[in-house]
Each structure stands twice: as structure tokens, then as C-alpha cells.
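What TrEMBL annotates here:
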{"type": "DOMAIN", "residues": "B:5-117", "note": "domain 'Thiamine pyrophosphate enzyme N-terminal TPP-binding'"}
{"type": "DOMAIN", "residues": "B:196-330", "note": "domain 'Thiamine pyrophosphate enzyme central'"}
{"type": "DOMAIN", "residues": "B:394-543", "note": "domain 'Thiamine pyrophosphate enzyme TPP-binding'"}
Amino acid sequence: MRHIISVLMENEPGALSRVVGLFSQRNFNIETLNVAPTDDPTLSRLTLTTFGSDQVVEQITKQLNKLIDVVKLVDLTEGQHIEREMMLVKVRASGAQRAEVKRTVDIFRGNIIDMTPSIYTVQVVGESDKLDGFLLALGGTHVLEVVRTGVSGIARGEKTLSL
Amino acid sequence: MDLLSGGEMIARFLKDEGVEYIYGYPGGAALHIYDALHRQNDVKHVLVRHEQAATHMADGYARATGKPGVVLVTSGPGATNTVTGIATAFMDSIPMVVICGQVMSYLIGEDAFQETDMIGVSRPIVKHSFTVKHPADIPMILKKAFHIASTGRPGPVVVDIPKDMTMPNEKYEYKYPESVSLRSYNPPAKGHSGQIKKAVDLLIAAKRPMIYAGGGVIMGGGADLLTKLAQQLGYPVTNTLMGLGGYPATDDQFVGMLGMHGSYEANMAMHHSDLILAVGARFDDRVTNDPDKFCPGAKIIHIDIDPASISKTIRADVPIVGPVRQVLEEMLTVIDEAPARSNKEAIGNWWKQINEWRKVHGGRYDTTSDKIKPQAAVEACWRATNGDAFVASDVGQHQMFTAQYYKFAKPYRWINSGGLGTMGFGLPAAMGVKMNMPEETVVCVTGEGSIQMNIQELSTCLQYGLPVKILCLNNGYLGMVRQWQDMNYEGRHSNSYMDSLPDFKMLMQAYRHEYVEIRTKDELDSKMAEAFAMKDKLVFINCFVDPEEHVYPMQVPRGAMRDMFLSKTERT
């Protein structure tokens, strides 16, 4: 099953490599990963998605918790949560395709954020499935480049992951 | 408050932390620190001949005392030479602080002379690591390092110190940090009382209980309480390789070590038990054999300070996360107050069954052979030392024979590389113990293969007058490799034979140590006594043992606990 693990960790050099190293060292898999400082400059927030049985995910969270740089973590998929991923897609769009791509972008509530006479750069935000769907919907369009941020997530309602 | 340079702070901090000995080897990036050490007399530095040995010396000390061992090396090769020793300590949860010199901070990343990314290299084998960014941070970083290394589940911590952090002329205010707090590190202080009650209920109701205790009992200082608990309940106890001495092997309730080379009765009793109380043990693959076939009828109570150890390979029914001493203490109280007592009749039958199993193999070996059996050599060593020595071992058949036949009656006395299986560990580990406990008898049981992996330390022994006794079970083969080749590769002894062994007698003369040779079994006791009588000398006992001998019992690969080879011709 897919899990989204959100980690609050010390904003220190080396902290990220400890987290990532743990995954390769213990043969856990990382599907997506993103990390950035938070409103508290001493803390970074890292979100990763992984696939594994309950036993494997239990080990992942326990081993992550053992890292001295990890302050707190939560498996967002254990409760109600919101997740988002952002994607930038550069597509060849000329002639009749220009209007077709524009329509698809609108349907997916994306934005064209840059253009040349032959190229659109599109921004799409949503759950990962929606991003996958957008790429499928582009169909025969010539996709030049795809950049995805990986998943970010937050628990719904009162629950927070903070100090 | 004193004004000290970074190098002086290190020396002063170690003194204030109560460190008497550190083990190491100087080099460019560590020279400011070494100069600071030279200008004080509180902390004594032991110069080894190879940095790996420094880590094993610190490790041996830590295993014998429970206190963190301290290592000091230079950058680059000095640091990388410690890797095996750090990994050894990490696998066995041994507290250790390794201080590494590093190139000047402004040179880091430029492939400077003797530069290695030691933080990166050591990352998977440390509990944590630090890089010093400012000299004034040194006392607090070292305090954190000692704190992390020695609390919770202990482990090695690396502190990387660029040379410009220790400049002799750059002085800062030094104050010993009395306390330390880390917002992201709070090892559990107390086991859950509800879980402890649940565990006691299960214990009292059990009909075929087993107490399975590991190295955590020893490092957690819980051997006396475990013994008390086991004796109060009257239940059988087995120890892991790391846990030997955690319950007296001389006591009747002890059924031997368990696992791959565990006793027949321990493995049978585990397999047939209905309740396992696991204390400070981690169900590793050398214990459980095939985890899917592990003890099918047993409920499992698992006490460990590391939550990640619980349900890692074998699911626990009653997990208890906490320090072993506190949890056992509370268990004893709950047992005292419990209305019910253990099921006397069922436990009586259980012991009857276990005593039947004891007769099946019972640690037998061929005593009629003309050759010296390694088992007999270990038993002779046990007699010669009254079973009371600190015994450090290398890795291989001799290690297993020692685990099986040297009946450890006390904790902290069995010093071996259980998790990593590091050949070359024994001699420096024994040295680390002897250095700190000069009055004790310290033996290194080794083989002619293992001893050569750190034999250069004979020179360190001479320099510091470390009269350890080296019992070399010399069979002319890498015995355990040969055993596997006999059993799994139709006897093709690929590279398990070492031609051109050194003349150990001449080697000992070269290092000005003593040498005793044992060639026949009738001289085992007399020669052993002769060697141990030389209290102030390092004695190398070259004991020529039967090269054909295998370690038994041995679990059948991918079988259950109860599936064992009992000799070259018998299996369960």
C-alpha cells in the first residue's frame, strides 16, 4: 500500500542524507521525496511516499524515528489528509494542437505559464493521480519535458505536525 | 572560565567526562589535538599499530564496563581504518566515541591530502555523527556524542573535527557542559505498566515458557534482575551469543545458547514453548533460523529499549519498550503482588521434557580421539582460569566452541563480535579490557587465521605491558569456512587453507613475548596452567587442534529452530 510519510527534521547539513541513506541501507523504497525549510528556520519538512506492507512501513517509521535529526513524523495516510503535487510540462503546441492542448489544460484546471509560438509550458497541481491523468490526456501531443515536485501533504482539521 | 584552544578543549573535556584512556594513532589533521594531549597528564593515550585495533580496544573496554570507549584518529586513512571497528560496535550496540581529524574546513570538498568524507563513509554504521563547525562548539558536541553513544540503545558516534577547529592560538571559553538535552532524542525511560501487567499474566499462566535473553540484558545492566526473575519463576533460560553471562551458565536453569550453534535442548525448548520472554534480544537470523517456521506455538513478550527491534523479524504479542532494568524491576514487583503463582505441575512436566532433551546431545564431543579437540581446549582454559576470566574471542569455530564450552557465570566477561563477525577483533578487544582491569585474567581465544588480522598489536602489548593470554586453536584451516565447505560444497576447500603460517614461536620472540605449545591432549591442563601462571607476560598458547572437527549442533538452513545437525552423521 502507498503511504505518505511526513517528517519534521533538523534543518542541518547531512540530515537529508541520513534519511535518504536509511532507505537504501534498509532496502526500503522511495517513490517521491521533497524537502524544504519550514516557518521555523531550524526545521525542515520532508515528505516522502513509499510502497510497502504494514510491517515494512512500521519499520520505516520506527527507523526514521531513531535518526537523531528526525524530530517528529507522521504517516499521513493513517488519517484524513490532503495531498498535492505540482507538475510542469513542456509540450510542442503548434497549429491545430495549440487549441487542443489549451482545452486539455483547462479541463485539468492547469495553467499555461510560459509560451513561444510553438511551445506551451503548463503547470498542473493536484493529487498524483490527476497529474498522471493529465499526461495520459495529452495523448499524441509531443511532450518535451516533465518535471514533478513529488507529493506534499498535510493532515485535515485540527491535527498538525509541529513542535 | 578557562580560555582553551579546540585541541585543549578536547583533552580537557575527556578528563571532565571521566575518560582515563583513549586509543588512537596520530596524523596530520589530528596533530593539534595530539599536542594538546602531550601537554596534560590526565587522559592517557594508547598508541596502537593500526587504527582498527584502536576501535576494538575501545570496544573491548566498553563491553567489559558498559562505559563508552574513546578513539582518536587522523583524517583520511586514519578515519577509514576505523570503519570495521565502528561497524562492529554498531552491530552489537556498543557505546563508542570516535574522534576523527579532518582537513581544514576551507579545504573540504577539494580532494585535499588525506581527505575523506568520514561522515558520509560512516553514516550507515553510526548511531549519529557530528562535524565541528566552530571551536567553541567542541565541548557541547562531545557531550552530545557521549550522551547519544551511551544512552538508549548504545552505539558508536563519530565526531569529525577539521584541523582549523583545533588551532593552538585560537582560544575560547571552556566550560564543561553538565547536562545535555536534544529535542529529537529522548530514549524511553519507562516501560508501559499495562503491558508489563499483561506480560506477567502470560508468564504466570505459561505451561512451556522460555526466557530468551540477549546482549541488551548485559549492556542494560539487568543481568542480576533477569537472574532473579528467572529463579523466582523457575523457568528455563537461554542466552544469545551476545547475552552469554547474562544468566549464569553454571546454573541448572540455564539450557545453553540458542540459535545456529545453540544447544539441542535450547533450540528444542524454544521450538516447543508456548511463551517466549525475549529480553534485550533482537530475533536475528542466526537465532530464529527461518522466521516463518519460528516457534509456531509461542506467544512472544519482547522487552527492548529500541522500538525498531520489536516486531522487526518476529511479531511480538506483548511489546514492551523500555530500559531493561526498570522493566524487569517492575515485573518483579507485579509478580510479587500477583494472586496466582506459576503453574507448578505444567512447569514440572516442562522441565521433565527439557531434561530428556538434555540427554540427547548434551554438548557431547569425541573424547576418545587422540587429537586435541577444540572443545577440550576451551574446557581446559575454563579450568585454568576458574571460569572467571574475561574472554575476548575472534570469529569462527573457536568463537562458537568458546561460547558453548566456556561456562560464563557473570556478565561483561564474554567479549565477542556477534553481529558483524569481525575477524581480528579478539586481540585488541582483550587488550582494551586488560588495560583497564590489570588485575583480571584476560584471554583472547583465537585461531591462526583471525590472529593474523591484527597481529601487529603484539607490539602495542609490549609497549604498554599488556599481559593478555592468547589461546590459539590452531587447526591450520579457516575452520568455519572449511566446515561450510565440507557441508555445502562437497569438501572443496577453496582458499580455506593457509600455507606458510608464521613460526609463532619466533614471532613471539621477536615481540619479546612468551610462547607455549600444546601438541597432545594429555598436556592440555599442565601447559595451560604453565601459561596462566606467567601473570606478567603475554603468552601465546599455540594449541594444535583437530582440523576435521565441526561445530555442532548446527541448525539446518531455512529450517525451524528444532531442525539441527547433531554430528557429521546425525540430524534431527
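Numbers run from 1 along the shown chain.
Any Cβ shown, glycine's included, is placed from N, Cα and C.
Curation plays no part in TrEMBL annotations; they are all automatic predictions.
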Counts by DSSP class (helix H/G/I, strand E/B, coil) across the domain 'Thiamine pyrophosphate enzyme N-terminal TPP-binding' (B:5-117): 53 helix, 22 strand, 38 coil
Secondary structure tally of the domain 'Thiamine pyrophosphate enzyme TPP-binding' (B:394-543) (DSSP, helix then strand then coil): 64 helix, 26 strand, 60 coil
DSSP-derived helix, strand and coil totals, residue by residue, for the domain 'Thiamine pyrophosphate enzyme central' (B:196-330): 52 helix, 27 strand, 56 coil
